[in-house]
Amino acid sequence: MSKKILLSGVKPTGRPHIGNYFGAMKQFVDLQDEYECYIFIADLHALTTLHDPKELASNVIDVATDYLAIGLDPEKVILFKQSDVPEVTELSWIFNTLTTMPYLERAHAYKDAMAKGREVNVGTFDYPILMAADILIQDADMVPVGQDQKQHVEYARDTAEKFNRTYGKIFKLPEVLIEKNVAVVPGTDGEKMSKSHDNTIPLFADPDKIQKIVMSIVTDSVSDIPKNVYAIHRLFKDEKSLTALYEENRGKYKILKEALFNDIVDFVSPLGARRAELAAKPEKLLEVLKIGGSKARERAARKMESVRKLVGLSIYS
Ligand code: ADP
Ligand code: TRP
């Protein structure tokens, strides 16, 4: 029996933190044996907010390097850059002609941007439709995403249904996959770890930097257990040894923070070393992306041929 198809995109913005790792990145690595995986770097989506060409290009390379460093295996996973499959923009145009304005006006991301008084570009408004094209063009069965992207996968399902009703059944209805066990990883202040809260512990940083950050964790304590330190420590140590450690060192915040620092470093050092190796051979990385891009494009191009026929755009054959 052939494997189900899993597809997901990652926007190339900013450096990853341990919240991103445990909340999202690691999932792809965990699922790579079970599914036929298509993971791409959403550079076309990034254009809705990023207009610095150098920054965009280097972010794409950074993200690809990060994912290979954490264990995504290019022999198992098709890793590619969204813009290497230009067919998605053609498909999203066709979807646009089936999509109404009020329907897109209900999208959370668009509503939030409007509520903040931002000037919203057409790309941001149409973001869910490009995402629907990404998903549907590859016949994805499963789309693992964070809670914030759930509505977008529902938009992809609705769009598939609309197209299928209008022109004939050609698109699969994708399922959203939200990892239930992933709790929100707290940051150094106890709030959700997030780039926008400035409370992150980076996944790739040298030990000095990590030490400074760990030592700065806010130590609100409950019966002499520093709860923010503990909450982060849980990700790196099993429950039993963690309980023993915190029992033994009640009230000794410095010792507990040092223990956390050591456990983080033990965990991230091998990832960082692998990242450095990959970054030293950029031509290899580009080759991985190129090969991934051509495989993904081949599939997409086949699907587009059928779409064009159904829509009435193919007149020569
Ligand atoms: P940030 O909030 O730092 O900007 P993003 O919004 O770019 O992070 O999130 C990228 C992915 O990482 C998403 O799938 C999101 O659900 C996940 N993620 C981000 N922060 C956390 C966190 N603190 N705990 C668990 N998952 C997270
Ligand atoms: N919008 C997603 C995010 O911001 C990235 C993305 C683009 C995506 N296309 C996708 C995710 C298709 C899953 C499937 O995280």
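Here the Cβ of each residue, glycine as well, is placed from N, Cα and C on the backbone.
From a predicted model like this one, the values you see are computed outputs, not experimental measurements.
Now, the feature entries from TrEMBL:
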type	residues	note
BINDING	Lys11, Pro12, Thr13, Gly19, Asn20, Gly146, Gln147, Asp148, Val185, Lys192, Met193, Ser194, Lys195, Ser196	ATP binding site
BINDING	Asp134	L-tryptophan binding site
MOTIF	12-20	motif ''HIGH' region'
MOTIF	192-196	motif ''KMSKS' region'
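Mapped onto this structure are the features recorded in TrEMBL.
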| residue | record | Cβ contacts under 8 Å, 6 or more apart |
| --- | --- | --- |
| Lys11 | ATP binding site | Ile41, Ala42, His45, Ala46 |
| Thr13 | ATP binding site | Ala46, Thr49, Leu50, Asn59 |
| Asn20 | ATP binding site | Leu203 |
| Asp134 | L-tryptophan binding site | Leu7, Gly9, Phe40, Ala42, Gln82, Val88 |
| Gln147 | ATP binding site | Ile178 |
| Val185 | ATP binding site | Ile18, Gly19, Phe22, Gly23, Lys192, Met193, Ile232, Leu235 |
| Lys195 | ATP binding site | Gly14, His17 |
- Message: Just to be sure I understand the packing, how many Cβ atoms besides its own are within 10 Å of the Cβ of Met193 (ATP binding site)?
- Response: 22
- Note on the structure: The largest Cα to Cα distance in Å among the residues Lys11, Pro12, Thr13, Gly19, Asn20, Gly146, Gln147, Asp148, Val185, Lys192, Met193, Ser194, Lys195, Ser196, listed in the record as binding ATP, is 21
- Note on the structure: CB < 6 Å to ligand 1, subset of binding-site residues Lys11, Thr13, Asn20, Asp134, seq order -> Asn20
- Query: When you measure from each Cβ to the nearest atom of ligand 2, which of the binding-site residues Lys11, Thr13, Asn20, Asp134, Val185 fall under 6 angstroms?
  - Reply: Lys11, Asp134
- Message: Limited to the motif ''KMSKS' region' (192-196), I'd like the whole-number average of pLDDT.
- Response: 91
